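Notes follow once the structure below has been shown.
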Amino acid sequence: MTECFLPPTSSPSEHRRVEHGSGLTRTPSSEEISPTKFPGLYRTGEPSPPHDILHEPPDVVSDDEKDHGKKKGKFKKKEKRTEGYAAFQEDSSGDEAESPSKMKRSKGIHVFKKPSFSKKKEKDFKIKEKPKEEKHKEEKHKEEKHKEKKSKDLTAADVVKQWKEKKKKKKPIQEPEVPQIDVPNLKPIFGIPLADAVERTMMYDGIRLPAVFRECIDYVEKYGMKCEGIYRVSGIKSKVDELKAAYDREESTNLEDYEPNTVASLLKQYLRDLPENLLTKELMPRFEEACGRTTETEKVQEFQRLLKELPECNYLLISWLIVHMDHVIAKELETKMNIQNISIVLSPTVQISNRVLYVFFTHVQELFGNVVLKQVMKPLRWSNMATMPTLPETQAGIKEEIRRQEFLLNCLHRDLQGGIKDLSKEERLWEVQRILTALKRKLREAKRQECETKIAQEIASLSKEDVSKEEMNENEEVINILLAQENEILTEQEELLAMEQFLRRQIASEKEEIERLRAEIAEIQSRQQHGRSETEEYSSESESESEDEEELQIILEDLQRQNEELEIKNNHLNQAIHEEREAIIELRVQLRLLQMQRAKAEQQAQEDEEPEWRGGAVQPPRDGVLEPKAAKEQPKAGKEPAKPSPSRDRKETSI
């Protein structure tokens, strides 16, 4: 007989063996050998899923039987004994069930079978492999249980850390798809048709030429006429690309920071990138034919006729270019550039043959005698808010600058209303509005000073002895001007006093709001201090406290920086609002003056239309009542109401 390790007699397996009819022992089923009865049989430390026989069909094999079949396959070669019971080294204790490391050590399982055990019974223990989907579900189920078990042992800091990691992972998934909006993107200035570049960058004076062309021409005319090899020597490529990118973005550039050769190379680059020939494809062969005429007179006449057929933009650009190059040739001693050199440089750039260029350069006066290169005056800038820009002193200069700023303002409005989102253009819009307000204010002051000086000169020229009625009639215009100025000053004073009262009320409400916010801040600070004292012990034990503090510090610095930027924007906005209020006051004053003048004119016209009735003794009946002539003088006396006195207003409202 072979040796067999049997369980105690009180175990249920012994009773089942006794009840069995044959003398052979049978292999225990998966229900008899389960992880709950024999915990040392399995390596895994996780509890097996509940096994419910009632809810399973008879043909389906349970999870415990599948696990048992896998384990039994490992020991299949070792089963050479007759008995099919497993002998354990020691009974598993409660400590082994808790620690998986101890359970791994308890692998000493000895299984004994009879050598005559049939292969048919072995097939009963073979398990069909699960489909991949079921395995995937089981793995997910186990992972979820493992996570639940871990979540019970986590601290608060670990929970916060896991929540942040989940949030970072979910962010790209949860972001909704933003619908694509077709934002109009402006094409660059270089490489677009000449007419489009003119429409986008034309200067305020109405000359239909691109801004980059005019600014380069002006710069070379001013600084490049003494530069040797101008247009022949190439500029620094990086500087040229930098200027090109700035003009493509329609940014204002200062060409005085660059060398003449760099600006000349930029001009050649612009002409080279033009998609169409300056003389057009249709007229270019005819210009070539005109060069073959026998006499110079015929050449000039044919060229004049062909130049008139060119589009306006093309004619202006070719005329300005030839006149400018003629100025360069005239300075041949300094520039070392003659007609041949200029033609060699310009011919491949503008795609015009040397024959045509030679005719242009030799007959500049006949072809372009009336062309004058007008210098570009850039609009005034107010880049630094701390300092006031230098405004023109004369009225003519102020009016010219106002026209430039208004043209620029219209261009900016056109671009922004077209759907182009550009923060630099929005800031430039505010800047132009501030400059316009300052210019209009200075223009009014200049007009007032001119009027005052004129009045003072006229008064000084008069002598007190020669004052007569005729002279008083001559000075009636001066008196009317003085009265109009007085009315304007008084109405302006009334508007300013009304604004003062409004601002005082606003300041009082703002002070109350400040006090309320201070009280809220103090209350929040006290709550924070109380909360910190309660959580000091917990925060000292947390491992991720330093990381949270660093993140909070970074967030705080970011918020402080954003707050500073918002304060700067707020100051700019307040200043703009203040300027707009001043402009509104001035408009109100003008409106009131116009209303007063209109009322006075209507009253005067009404008095002139009233005929004298009954020899002027009695006025015509009004509503059946006769009015004497003395009553006629009453509206005249009440025609001009009592004007407010500035000294009395100052006493009433202390500023």
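Heads up, the Cβ atoms here are built off N, Cα and C, so glycines get one too.
Remember, predicted model here, so these are calculated numbers, not experimental data.
According to Swiss-Prot, the listed position annotated as phosphoserine out of Ser11, Ser48 is Ser48. According to Swiss-Prot, of the residues Ser238, Ser353, Ser461, Ser461 is the one noted as phosphoserine. Screening Thr25, Thr44, Thr253, Thr294 against Swiss-Prot annotations picks out Thr44 (annotated as phosphothreonine). Between the listed residues Ser92, Ser101, Ser106, Swiss-Prot assigns phosphoserine to Ser92, with no corresponding entry for the rest in that record.
Of the candidates Ser93, Ser116, Ser424, Swiss-Prot marks one as phosphoserine, and that one is Ser93. Residue with Swiss-Prot feature phosphoserine, selected from Ser62, Ser151, Ser252, Ser526: Ser62.
When Ser10, Ser30, Ser540 are compared in Swiss-Prot, the phosphoserine annotation sits on Ser30. In the predicted structure, the region 'Mediates interaction with RALA and RALB' (403-499) carries a mean pLDDT of 74.
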